[in-house]
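One structure below.
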């Protein structure tokens, strides 16, 4: 059986926060909240630094500056109706799980934002990982109604993890 989350650590500082455990916990909670079987899916989380995420942000979003988290869904899953939850993907089987996509998260930006917001960095990272996984599942915040849905979904998932409402 493949693990739900494959973690790639490009910046060793992520090991201090135990990114693999944070990523697995966030992904499992997100899928469970949406009634999706964790054993039917897989995703990749890369822990990197600001320089690497700025490079990726420039290449994929034409914004050559650091950001906190980026995600690349394996396929388009967004809902056609603003404010409506996207249709969940069909799970694979445990031996051949359905790939959801990739998430990258930047160490310095996460540390800085957590300090600015006066919250534990692990809570902030957990929030951003839930946010990234929701993007892989088709959630977005382009339209106001979609943003409201995504924030409410994040808040519900985070509450189940004991993380206070980030909004």
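For all residues, glycine too, the Cβ spot is worked out from N, Cα and C.
Record features (Swiss-Prot):
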- 131, 135, 141: Zn(2+) binding site (BINDING)
- 90-99: compositional bias 'Acidic residues' (COMPBIAS)
- 64-101: region 'Disordered' (REGION)
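According to DSSP, the region 'Disordered' (64-101) comprises 0 helix, 11 strand, 27 coil. Taking the mean position of the Cβ atoms of 131, 135, 141 as the Zn(2+) site, the remaining residues of that chain whose Cβ falls within 8 Å of it are 71, 132, 134, 139, 140, 150, 154.
Taken residue by residue with DSSP, residue 141 (Zn(2+) binding site) is part of neither helix nor strand, so it is coil. Neighbour counts were taken at the CB atom with a 10 A radius for the binding-site residues 131, 135, 141; the maximum falls on 131.
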